[in-house]
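Down below is the structure, laid out as structure tokens.
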Amino acid sequence: MILIIYAHPYPQHSHANKRMLEQAGTLEGVEIRSLYQLYPDFNIDVAAEQAALARADLVIWQHPMQWYSVPPLLKLWMDKVLSHGWAYGHNGIALRGKSLMWAVTTGGGESHFDIGSFPGFPVLAQPLQATALYCGMKWLPPFAMHCTFICDDETLQAQARRYRQRLIDWQEAHQNG
């Protein structure tokens, strides 16, 4: 099962993420958990989130880039749900062997992330990749949709279909276990 942990603080203003979820939602074996819809008060049901993660084979953290990072509710979700003794540490094996993919949208182009002497966009994934690896997960190449503020509808739809195809490809590669 593919579990999408979706964190958009302003989903009503989303163009790219909305289309990505619409495409992903057409697939069987995909569960979407919209954190800002489920937890507008930021009071996360840790047991429910851990149960959802336990059902998943592939976990996707999907969100718009905010200040070169994840939205605040997704960070809080990580802090609460990926707990010691469950996700990592002594007896923390619940996520071991599962896969994690980062699906992120940005308003700027990929070159926008060439900051100083750093090599650009891939550097921004490092904390998320480190989190996945620390929890014993397999890190998959991220899915990034850039320039979403200036994309026309046709481009957004094409990118959302590309996202859907990534999920289909993963499902087909893992259908036998």
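Cβ atoms are placed via backbone N, Cα and C, with glycine included.
The shown structure was predicted, so the numbers you read here are calculated from the model rather than taken from an experiment.
Lifted from Swiss-Prot, the feature list:
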type	residues	note
BINDING	HIS8, SER14, HIS15, ALA16, ASN17, MET65, GLN66, TRP67, TYR68, THR105, THR106, GLY107, GLY108	FMN binding site
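Annotated features taken from Swiss-Prot, shown on the structure.
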residue	record	contacts (Cβ under 8 Å, 6+ apart)
HIS8	FMN binding site	SER14, ASN17, SER34, TYR36, HIS63, PRO64, PRO71
HIS15	FMN binding site	THR148, CYS151, LEU156
GLN66	FMN binding site	PRO9, PRO72
Fewest other C-beta atoms within 10 angstroms, as judged across ASN17, THR106, which are the binding-site residues: THR106
For ASN17 (FMN binding site), the three-state class that DSSP assigns: helix
